[in-house]
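Data first, discussion second: the structure below is written as structure tokens.
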Amino acid sequence: MLNLFILLLERVGLIILLAYILMNINHFKTMMSERDKWRSKFQLIIIFGIFSMISNFTGIEIENGHIVSSDIYYHLSKDASMANTRVLTIGVSGLIGGPWVAIIVGIISGLCRLYIGGADAYTYLISSIVIAIISGYFGHQTIKQNTYPSIKKGAIIGAITEIIQMGCILLFTNNLHHAITLVSFIALPMIIINSLGTAIFLTIILSTIKQEEQMRAVQTHDVLQLANETLPYFRSGLNEKSAQQAAEIILKLMQVSAVAITNKKDILTHIGAGSDHHVARKEIITDLSKEVIQSGKLKVAHTREGIGCHHPNCPLEGAIVVPLYIHNEVAGTLKFYFTDNNIISTSDQQLAKGLANIFSSQLELGQAEMQGQLLKDAEIKSLQAQVNPHFFFNAINTISALVRIDSEKARRLLIQLSQFFRSNLNGARNNTITLQKELQQVAAYLSLEQARYPNRFNIHYRIDDQCQDALIPPFIIQILVENSIKHAFKNRKKNNHIDVDVSMKQDCLSISVQDNGQGIPADQLDTIGYTTVTSTTGTGNALVNLNKRLTGLFGTTSALNIQSSQSGTTVSCLIPYKSSKEEHFNESVNR
């Protein structure tokens, strides 16, 4: 029995080794994070199907309670049986991929075992399917929660599935005496090995995922810290002063030898190694930077030749160069240089890419602000382009606090913040946007607010289907929702509700935002939306600005209508209905 235990341990070691190799392949890691998708399930079926065949063909031949051979077998004699790790592969496939993956892998494994033959070979097809259903059930529960079974739970399930296997051997045998002899010899080693193998398999998966999450958390924290300190500079545009200030901060906080920022032609700043010949106000001298500007794609160099600096004494041996964009056009580059090309990591590349995206957004916002001031409708444009700095820094601080607690949630909120800024930028370019885009902007804003104040409020939408393509002024619903959150519920932490209603009213679009808050004082009701007020919670300037935009675009008939009592406040307006499809048609005709 001890000899059997050692031989089975060798077989489990082979499967575990393959699992470890797979978990260090980026494609497999991505697939594991998308287990609920059929594409990933199909790939898991292929992988575990191969594992199950390896488990079958590397089994140990048993006959009359003795080990006959541990060679690779394709066929067994009619009286022989086999001890293998087939149950392990089926069980783990179910715990990871769910019932469908497990059942198909179980059928593949069972048919493979049936092909090998031996005593009561059909029994193993039946047991494979039963084990697949049981392990798949437990796997389905964790997939719904986007988690994995604990190591302890996996070990218990591994033992249970092997016990079920032994039960099937005894239940479906044609020779009970032979089955009892077989089970008494293989049961204990196989139960222990299967339980241990399942636990080790899950340990590899969980430890790899934890390591990835920790790395993402560190990366996100680094990006946020750098973004928080460098954001003010790029709002003024891509120039020598802003580039110099940002590069100094990046060099201080990152493990790089030099930092450079360029526009499309000239070096704006270069700080660190190589600054004796990589000089600001001179033309770009590296071939790598020119390639990035031309292609618009991130590039990495691991040699001096790859960088393309032709100075004979240049100390730079590696570089990461990322394009900076303004309105989908390359405006310059952000460059990280290294004097040791062996320390360039994937995390450095991701960090550079993330910073470049944030800097590009800030450059776009800054340019939009400058352009807005030059337009005839500067007042409306500037109102639309406003991004509350307090809201932004509060959002950054909230995400920073979540990074080490829940990195996945922090990542989602960072995406929402990016969406929020993108919507602000789009709003700065247009007097109107579709209702659908406005609701996406509201959703991005609410995600960030809910992160700061969990379960503080609920929002309900009643949107007519025919209104989805309607054109409305940017931020109109967001401002009204934000106003309710900030003012209506300031003294109450629960049972707060906001209702957003958009419907057709004759030829106009009716927009209404209602809350069940404390209401507006009667002495302020007539002035809200027209003049600023003195208050500890705000001045009402957002509603004044919104009212000016509405009346400026559509006339006084579209001014805000505010009704308030102690049971809540309703703010509504009527604007002429115009469809984005109609607008697109008119533009096509005018061309």
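Glycine residues also receive a Cβ, built from the backbone N, Cα and C atoms like all the rest.
Per Swiss-Prot, the range carrying the annotation transmembrane segment out of 45-67, 321-343 is 45-67. Long-range Cβ contacts of the transmembrane segment (122-139) within its own chain (Cβ-Cβ under 8 Å, at least 6 residues beyond either end) map to 86-87, 90-103, 105-107, 109-111, 113-114, 149, 153, 157, 160-161, 164-165, 168-169, 172-173. Within the same chain, residues 32, 47, 51, 54-55, 58-60, 62, 67, 70, 83-85, 88-89, 185-186, 189-190, 192-193, 196-197, 200-201, 204-205, 208 sit at least 6 positions outside the transmembrane segment (4-26) and bring their C-beta atoms closer than 8 Å to a C-beta of that stretch. In this model, the domain 'Histidine kinase' (363-579) carries an average pLDDT of 78.
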